Amino acid sequence: MMKRLQLFVAAFAILASSSLLASASDPSPLQDFCVAINDTKNGVFVNGKFCKDPKLANAEDFFYSGLNIPRNTSNPVGSTVTPVNVAQIPGLNTLGISLVRIDYAPYGGLNPPHTHPRATEILVVLEGTLCVGFVTSNTDNRLITKVLNPGDVFVFPVGLIHFQFNIGNTKAVAFAGLSSQNPGVITIANAVFGSNPPINPDVLTKAFQLDKNIVTYLQSKFWWDNN
């Protein structure tokens, strides 16, 4: 009797732990698709968006045109990111994938250090030469970096700070896939020094071990959003 009770307790513990693991990530969709709509009266709320009646879905809900068009990189960071996520293709809702095109100005075009809180990124270079990299989490903070040429592919793990820098004398172009229909982006400098309202300068002075006047100057600058 005691042995059977012990087996029951062990089986219950395994089932309980499995349940916890299963609930630790988003569930798979239970329908073919969930086209996002802004109508809050006649839709079903799924994963941050309301869903269109599947019978009313059409090809345009799954379509985007224009990623072949070069973007203007005449801005302070010398790059422009063109996203194709659920905001551009409503049919991406709940499908867990999106895409971006990134244009870089000749030598010095930078996609500044940033992070995607909800997605891993896989990037392929079409034109130019990029120095790319990401930094591992505390306490190592190890920089993993590589120079990429056309046809090269590099992966940036979810949540880690990463960047791309054009080290060539010509423009560069890359495409990247992300493992979320809404990956989010946090550009480090913009978030830290350009937050609204501003972070207390004393906090940043101590965190970065800088003179307070330098922190105040950095907070007064306009931080360009290349997305």
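In case you wondered, yes, glycine gets a Cβ from its N, Cα and C as well.
The following features are taken from TrEMBL:
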type: BINDING; residues: ASN111, HIS116, GLU121; note: oxalate binding site
type: BINDING; residues: HIS114, HIS116, GLU121, HIS162; note: Mn(2+) binding site
type: DISULFID; residues: CYS34-CYS51; note: disulfide bond
type: DOMAIN; residues: 65-216; note: domain 'Cupin type-1'
type: SIGNAL; residues: 1-24; note: signal peptide
Given the disulfide-bonded residues CYS34, CYS51, which one has the fewest other C-beta atoms within 10 angstroms of its C-beta?
CYS51
Non-local Cβ contacts of HIS116 (oxalate binding site) (under 8 Å, 6 or more apart, same chain)?
PHE156, VAL158, GLY159, LEU178, SER180, PRO183, GLY184, VAL185, ILE186
Suppose we draw a 10 Å sphere around the Cβ of ASN111 (oxalate binding site). How many other Cβ atoms does it contain, all chains included?
29
Including all protein chains shown, what's the count of other C-beta atoms within 10 A of the C-beta of HIS162 (Mn(2+) binding site)?
22
Cβ within 8 Å of the mean position of the Cβ atoms of HIS114, HIS116, GLU121, HIS162: remaining residues of the chain near Mn(2+):
THR115, ALA119, PHE134, PHE156, LEU160, ILE161, PRO183, VAL185
Taking 8 Å from the centroid of the Cβ atoms of ASN111, HIS116, GLU121 as the cut-off, which other residues in that chain fall inside it around the oxalate site?
VAL100, HIS114, THR115, ALA119, LEU123, PHE156, HIS162, ALA176, LEU178, PRO183, VAL185
Cα-Cα distance linking GLU121 (oxalate binding site) and HIS114 (Mn(2+) binding site), given in Å to the nearest integer:
12
Out of the binding-site residues ASN111, GLU121, HIS162, give me the one sitting nearest to CYS51 (disulfide bond) by CA distance.
GLU121
Nearest to CYS34 (disulfide bond) in three-dimensional space, by Cα, is which of the binding-site residues ASN111, GLU121, HIS162?
GLU121
Rounded to the nearest Å, what's the C-alpha distance separating GLU121 (oxalate binding site) and HIS162 (Mn(2+) binding site)? Just drop the number here, would you?
10
Do you know offhand how many angstrom separate ASN111 (oxalate binding site) and HIS162 (Mn(2+) binding site) by C-alpha?
9
For a quick check of packing: other C-beta atoms within 10 Å of the C-beta of HIS114 (Mn(2+) binding site), how many?
21
I'd like the number of other C-beta atoms within 10 A of the C-beta of GLU121 (oxalate binding site), please.
22
